[in-house]
Amino acid sequence: MNVLNEKSLTVRGKDRYKSGVMSYKKMGYWEPDYTPKDTDIICLFRVTPQDGVDPIEAAAAVAGESSTATWTVVWTDRLTAAEKYRAKCYRVDPVPGAEGQYFAYIAYDLDLFEPGSISNLTASVIGNVFGFKPLKALRLEDMRLPVAYVKTFKGPPTGIVVERERLDKFGRPLLGATVKPKLGLSGRNYGRVVYEALKGGLDFTKDDENINSQPFMHWRERFLYCMEAVNRAQAATGEIKGSYLNVTAATMEDMYERAEFAKELGSVVVMIDLVIGYTAIQSMSNWARKNDMILHLHRAGHSTYTRQRNHGVSFRVISKWMRLAGVDHIHAGTVVGKLEGDPLTTRGYYDICREEHNPMQLEHGIFFDQNWASLNKMMPVASGGIHAGQMHQLIQHLGEDVVLQFGGGTIGHPMGIQAGATANRVALEAMILARNEGRDYVSEGPDILAKAAASCTPLKQALEVWKDVTFNYQSTDAPDYVTTPAVA
């Protein structure tokens, strides 16, 4: 790994505080000899300097502008513990295969951050600095969050273990479906979709991100019909069922009102969108914890800043923030579906959601060891362009602690919604049985599905309708240090 080496140029003593403009390197934001403390928050930025800008100066500027610096020397620095509070860029590496881009490692003292506040954390590390003129682009790739900081957060209110206990469902992925079309259905027809899907074998149905309270269906009407459907499906199947009721609204007062009504109706889960903001997410997490509710997060809007390789915030960082903030479910990609998702990078997202400790794995895009202390695990959700014919691939790539959501793959079934749900449930049960028997379910997957379909007409129809459907596009966000193998 080629590391840019340049000794510290920090000006010390009275010359450091002379009025005027001084380079960020000289102000102390470049410290190549610094060894990060166990309690430091470390950020890895992908820095793309403007032409002619020294990459180390650009990296030092990121450290300065995301901590204590401004554009000129200020004498009030002498009233603070400036040496302590300055963020320190201690390493700059060229990004492999990306000319003009650099990885900058920056350490922040823990005292720079308010305990237990995602809003405060993000105001520093992705605040003003992303608009800094000397940079063409800037991306926050990863973070190391010290245990001392992690433990100031409450984390997911329910967690994977307790959720499975409440549902009494173990040893397999959970199955869901997003109601389609996402907009335009009446409350009565919406409830009918929920009932058919749950009766057919799904564990959950879900509101989509932009179904809130529109003229064609107000939120209270939707909640009533959905919960009637859930209760009827539970009575018909003898299984615990749920529907993610989206309580996203214009104000916190409205969201609390909707969540309380969902609880009164007996719902086990409520849903929010990422676009409500970090403070609102933490507030809803506190509500869910107090009311023993599962909290589902739709990552609506994330691609506006996670999609581009050289600018924005990586979804692995968003995943870390959401585990701190405290959500139980988070959409994390499918690998084989219609949405962006490099296989190795997606594996890294899932590891962040589900593991107690994440070791550094550059092949998964994870640059730091991360200890999650005692925080609950999040259940990742795979949604977007998946169908029963991909079941062996989904289990291979995503494991069993995941919600597999077949929206179009349920509701678009030629025999109807209930048949679509049954097709997915039978495909899943057949694949899990093969796995538990020790068979090579990945290579034998198509044969396993074909054999199950011989005695299940809905699955046979699903395999026929979607047999040629794939979404094989080049990912825009793949690991920098390895080449991702093709999806089988």
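The backbone N, Cα and C atoms fix where each Cβ goes, and this holds for glycine too.
Features of the protein shown, as given by Swiss-Prot:
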ACT_SITE  LYS180  active site, proton acceptor
ACT_SITE  HIS298  active site, proton acceptor
BINDING   ASN128, THR178, LYS182, ARG299, HIS331, SER383  substrate binding site
BINDING   LYS206, ASP208, GLU209  Mg(2+) binding site
MOD_RES   LYS206  N6-carboxylysine
SITE      LYS338  site 'Transition state stabilizer'
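Apart from the site residues LYS206, ASP208, GLU209, the chain places the Cβ of THR178, VAL179, LYS182, ASP207, ASN210, ILE211, TYR244, ASN246, MET271, HIS298, ALA300 no farther than 8 Å from the centroid of the site's Cβ atoms, the recorded Mg(2+) location. Take the Cα of ASP208 (Mg(2+) binding site) and measure to each of the recorded positions ASN128, HIS298, HIS331: the nearest one is HIS298.
Counting other Cβ atoms within 10 Å of each Cβ, the lowest count among the binding-site residues ASN128, THR178, SER383 belongs to ASN128. By the criterion of other Cβ atoms within 10 Å of the residue's own Cβ, the least surrounded of the recorded positions LYS182, LYS206, HIS298, ARG299, HIS331 is LYS182. Listed in sequence order, the recorded positions near ARG299 (substrate binding site) (C-alpha within 10 Å of its C-alpha) are GLU209, out of LYS180, LYS206, GLU209.
Spacing of LYS206 (Mg(2+) binding site) relative to THR178 (substrate binding site) is 5 Å (Cα to Cα, whole number). Per Cα geometry, HIS298 is the residue among the recorded positions LYS180, GLU209, HIS298 nearest to SER383 (substrate binding site).
The distance from the Cα of LYS180 (active site, proton acceptor) to the Cα of ASN128 (substrate binding site) comes to 40 Å. Note: the CA-CA distance between THR178 (substrate binding site) and GLU209 (Mg(2+) binding site) rounds to 10 Å. The substrate site in the record is lined by ASN128, THR178, LYS182, ARG299, HIS331, SER383, and its two most distant CA atoms lie 37 Å apart. Neighbours of LYS180 (active site, proton acceptor), defined as other CB atoms within 10 A of its CB across all chains, total 15. It is 8 Å from the Cα atom of LYS182 (substrate binding site) to that of GLU209 (Mg(2+) binding site). The DSSP secondary structure for SER383 (substrate binding site) is strand. The recorded positions shown are ASN128, HIS298, HIS331; of these, the one with its CA atom nearest the CA of GLU209 (Mg(2+) binding site) is HIS298. Distance between Cα atoms for ASN128 (substrate binding site) and HIS298 (active site, proton acceptor): 27 Å, as a whole number. Cβ neighbour count for GLU209 (Mg(2+) binding site) (all protein chains, 10 Å cutoff from its Cβ): 20.
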